[in-house]
Structures are given as C-alpha cells and as structure tokens.
C-alpha cells in the first residue's frame, strides 16, 4: 500500500472536481480525501495499491474532469493507514 499526494492546478474549484475525484477513487477502492486549497488548487490524498493510485493519477490528468486541469504534481510515500473512506473536504 502506498500514499499519493497530488496537487491539482487549474480551474478546479466550484465545478464538481472534488465530487468527481471522490467518485473515481471509490470506484478504485481507494481511501483518502480531496480538499480545496486557498490558492485555488485541489489537494488529493489517496492510499491504496500503487496500480490503483496510478490509475487515479491518469484520470486526474485525462482532460475528462470537471473544470480544467493545467498541471498535477504528485508525491509518493508509504501508506500511513490513518484514512477511511474517501471524502470531500
């Protein structure tokens, strides 16, 4: 199990982006959250198997999201195991 932190840049607030991300993450069996940041980005924290996390990352970059994603910067770590479900914050 791994943990992915993704900073999503672009027009991603107020357009259903967090809801969409939550739906995709739940379909993949991931846990974590998507949270709006004051600077306009969305922070996505997700834990699960590496292949499922990479699928979510591909979806975030796909161009088929609500709004418009300009850039996704990700960081990988070991899972902490402190998350349950996948929520919007």
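From the backbone N, Cα and C atoms, a Cβ is placed for every residue, glycine too.
Taken from Swiss-Prot, the feature active site applies to 18 (among others). A helical conformation is recorded for residue 18 (active site) in the three-state DSSP classification.
Annotation source Swiss-Prot lists active site at 36 (among others), citing sequence analysis. Around the Cβ of residue 36 (active site), the same chain contributes 13, 18, 42, 89, each under 8 angstroms and 6 or more positions distant in sequence.
Taken from Swiss-Prot, the feature domain 'Acylphosphatase-like' covers 3-89, and the record attributes it to sequence analysis.
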